[in-house]
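Presented below is the structure to which this report refers.
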Amino acid sequence: MYPRLTKGRVAVAGNRKLHFGKKYEATASQLSKDYNVVDHTYDAVVVGAGGAGLRAAFGLVAEGFKTAVITKLFPTRSHTVAAQGGINAALGNMEEDDWKWHMYDTVKVSRKPPVSDFIRKGGQAHRCCAVADRTGHSLLHTLYGQSLKYDCNYFVEYFALDLLMEDGECRGVIALCMEDGSIHRFRSKNTILATGGYGRAYFSCTSAHTCTGDGTAMATRAGLPNEDLEFVQFHPTGIYGAGCLITEGCRGEGGFLINSEGERFMERYAPVAKDLASRDVVSRSMTIEIREGRGVGPRKDHVYLQLHHLPPDQLAARLPGISETAMIFAGVDVTKEPIPVLPTVHYNMGGVPTNWKGQVITHENGKDKVVRGLYAAGEAGCASVHGANRLGANSLLDLVIFGRACAHAISQENKPGEKIGDLSPNAGEASVSNMDKLRFANGAIPTAALRLELQLAMQNHAAVFRTGDVLKEGVVQVSKAYGKMKDLKVSDRGLCWNTDLVETLELQNLMINAMQTIVSAEARKESRGAHAREDFKDRVDEIDYSKSKEGQKPKPIEQHWRKHTLSTQDVETGQVTLKYRPVIDVTLDEAECAHVPPAIQSPVSPSGVLRDATPERSLPNPSLDRNSDDEHMGFKDYLGAFFTVFAIVGSAAAYMYNTAHPNALHPFPKRTDALSSAEDLRAQMSSLKSQLYEQLAKWDEIQKQREASSEQFSGSLCCKELRADISELISRVGDHDLTSIAKELNDLKVAHDDFRYKSSEQSCGVKLEDLENVVESKIKSLKISQPVASYDVGSSGNAAYDYDKTGKPDYALESAGGSIVNTRCTETYRNSYSVNKIFGIPVWWWRPKPREVLNPDMTPGRCWAMSGTSGSLVIRLSMPVIVTSVTYEHIPVQISVIGNIDSAPRAFSVHALRSDRDFEGAHLGNFEFDKNGQPWQTFNVVNVPARPVEFVEFKILSNWGHPDYTCLYRLRVHGDLTMRPS
Amino acid sequence: MTRDARMRSGLQRQVLSVYKRSLRAAKNKPGFYENVRSEFRRNAAAVAKQDVMHIEHLLRKAEKKIKLMTDEFVQSVRTVRATDRPESK
């Protein structure tokens, strides 16, 4: 507020008086135990204004219900805003799709361990509707805008304290207005909880600081159960401290994790797939490293993700967002330092149990019972659509579906302005007392300290690495932290914007959530979805679904774990009571869409085609689902082997290239160096060979496993071929028969493509398009990184041009670093339209600066349009080379301004310039284009320059002097490297 | 207009007007009438006449409260006494 200036005293900055002076600070009214509680009455109250809350509110006001939305944050600041991925919808606009397939995927994912992002991505991309990476942002803003159109009452920056329960039904909520500390009771016929998750119960989470599970805690305090809180989805790499996600693509690009000893520890846990192992394997390995004391940092509680061994330009091109995020949130320059990361909470599958209408339920005497007047949606609710693990891009879908479902259920069963049951006069007194108690809490532990203690206990004991001892120890630690709530210290006694108080209230909520999570996790003695226990690695269903159903007697519910956990808690003592609820197996309308059985014996469809694309089929053939987890893991190993082979093949390619073109690429100017490097090369070759053998052995083993399993795997034939190719390759490596290796490599790639094609017909755990993406990117990165190991030629350009026809890279290629620097004394077009029209492609027309042109039909590069018959072009090569040849490629186009005349190139001369300001330069030769020859023609330079040249000028004569002709050329410059570039 | 009224400052007149409007707004909402009155009396006694900033602050608060009381969804106000507050050291 305003500093009070007293006579004769100067107000000093830093000694701000936030209140009006001592006189008024501790008046009776300020410290009074009496609180004024304002009563409001509405048809419906929504707690939380994130996606689900807004969707519900918007649905309610549209139906004419008087609705209040209570939120501790301004609506557009909710965590929904941060959802990047997208929202799933089987629109079928990209390719054939069906919502039943979506359901199938959701169910499948819900049962199995988390899948790596980069495995999942492509598979969903076509079902995933997105607004760039700001889907949540745009969804939330749209919803907020919509709800403002109607008459919706927002109570922004009101902190909901408790539900008001009367006779087992919910009649509203009590909330604290954070601005002035006033308390409000909202009496309403229906209340919707949409408060989000409780990621902040863990030390590292991707969610906002406000995700403190207020709704679930309120339900607990109201004596209601929470469901499946032990299922928490983790992401392996969040930035330490901030929790921001570092995409798994980083590891796809070649990044890896290291521990405090600088060891690349994933090699120990997943010798084959290494850092590309599945999400849960990576997360668990990281946690084990940390637990065994090999973590980094002062607390030794995280590890490093190293990227700086990758070329900086690759980082800049492929991971620009990561570079930025790492700099902002970890202060790390990814080209020089590793990023501190640890497994991070991503989503809470559990929450307040609801039915499909969003109505909150309890489970009594073997039956679900609706809690009247109470609904839940979004991350706070648990309709169990996510099961034990959430499919990517399904969270936003959850929001809109259950937000809408709540609104629908309310509008179906109620009318606006209906009579509402009375509140007892003392309703909410307990909440007020609780708040007052915390406000005057006078113990020893500051809120922030206790919160950190809780978060660390949860992070260390209830994160990804779950085993009996660890969880038990965690239960003890969290209970201890719970007990310390009585010894809290809150320093602010005020009421206006008392953030200390609000954080303490939030801590109370976090405690409740954390306690139930860890107790539920300790009790669940199996591995299912995101809950993976080291000591109980298998899923325990009522029958063994890997075998035929017949003859198996289902176990009673006490003996298996295919059931929901329902946790209630004595808030005073922290004691958690667990009950269990059977899973609902059938869909709402089995006739329309049959349920997906948990796992199935395998009747292979007669055709042998595993996933039929016809929409008449009700569901994808479930035969694949048998032991989907094992299948999945097996496939992962398989993939890993694949990658490794490709890595080896890639390095073989590099060696081969080195040896085949000693002049072109040999970096050693001296003979002795060359000799020693040859030795080195030989040694490397032999190690390569042994690596290949090793790989082959692994390959065989995997193959054997595959064959042993009864499943038919359509890719296996291909794999055999591939295997043969590899052994062939081994023998070639031994013989130093390098040219044939090159050919072999190519064939291998073809075989691999074939494999991809065939395997894409079946849908085993991983989507095959994703596999394709991964392998593609892997191949690309190999192509980039392998030659880079020796020097930095524009190797991606090499990939595009296939080393051209000279066996030498094109140093003029733009994507490799070459550029047009000048077009002196040349006439050009001044109008982009006409140029576009003439050439049919976007070209660089008259402009002070060259324009980037990306045309799908052209290799990425700059085009530049010259008007008239002659022109000049100064090209800066990607590095200084001894120019040996130039290629003049003529792209025949049948266009000209006056009619349909073939274009006709004629001649050009090439000059080597000392700098871009050099006008004369050394003449390299005059060349004439052979009219009847190939479209591309390579000319050897006549006067090979003695020194490396960086700038080359082409003086071009086109069209045989005819002004109306038009030509399109692509120019390339080849040469030898003489020295190692600095 | 009485002589007294003319003697009042602008701020005083504002306070009185806000008080009047508050009482009017509180009319049909149980609890508010007493609430407004007691708060006015308490502040009138506690706040010094020359403490203009504080008075202006209270005026703004009162305006907000009028808005709250005139809200059709607001029913009443009651006083709840907190129990078990920890002893201050």
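Glycine residues also receive a Cβ, built from the backbone N, Cα and C atoms like all the rest.
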For the feature region 'Disordered' as recorded in TrEMBL, pick the matching range from A:534-565, A:598-629. A:598-629
In TrEMBL, A:His235, A:Thr247, A:Arg390 are given as binding substrate, so which of A:His209, A:His346, A:His363, A:His408 is in that site too? A:His346
To the nearest whole angstrom, state the Cα distance for the pair A:His235 (substrate binding site) and A:Gly48 (FAD binding site). 25
Looking only at the domain 'SUN' (A:817-978), mean pLDDT returns 69
Alpha-carbon spacing, A:Ser395 (FAD binding site) to A:Thr247 (substrate binding site), which is rounded to whole Å: 18
Within the chain of A:Leu73 (FAD binding site), which residues six or more apart in sequence place their C-beta under 8 angstroms from its C-beta? A:Ala49, A:Val156, A:Glu157, A:Thr210
Binding residues A:His235, A:Thr247, A:His346, A:Arg390 (substrate) - maximum C-alpha distance in whole Å: 17
For the binding-site residues listed (A:Thr247, A:Ser395), most other Cβ atoms within 10 Å of the Cβ sits at A:Ser395
Three-class DSSP secondary structure - A:His79 (tele-8alpha-FAD histidine): helix
C-alpha spacing of A:Thr247 (substrate binding site) relative to A:Val81 (FAD binding site), in angstrom: 18
C-alpha spacing of A:His346 (substrate binding site) relative to A:Gly48 (FAD binding site), in angstrom: 19
Kindly assign A:His346 (substrate binding site) to one of the three DSSP-derived states: helix, strand or coil. strand
When DSSP is mapped onto helix/strand/coil, what comes out for A:Arg390 (substrate binding site)? coil
Just name the winner among A:Ala52, A:Val81 (the binding-site residues) by count of other CB atoms within 10 A of its CB. A:Ala52
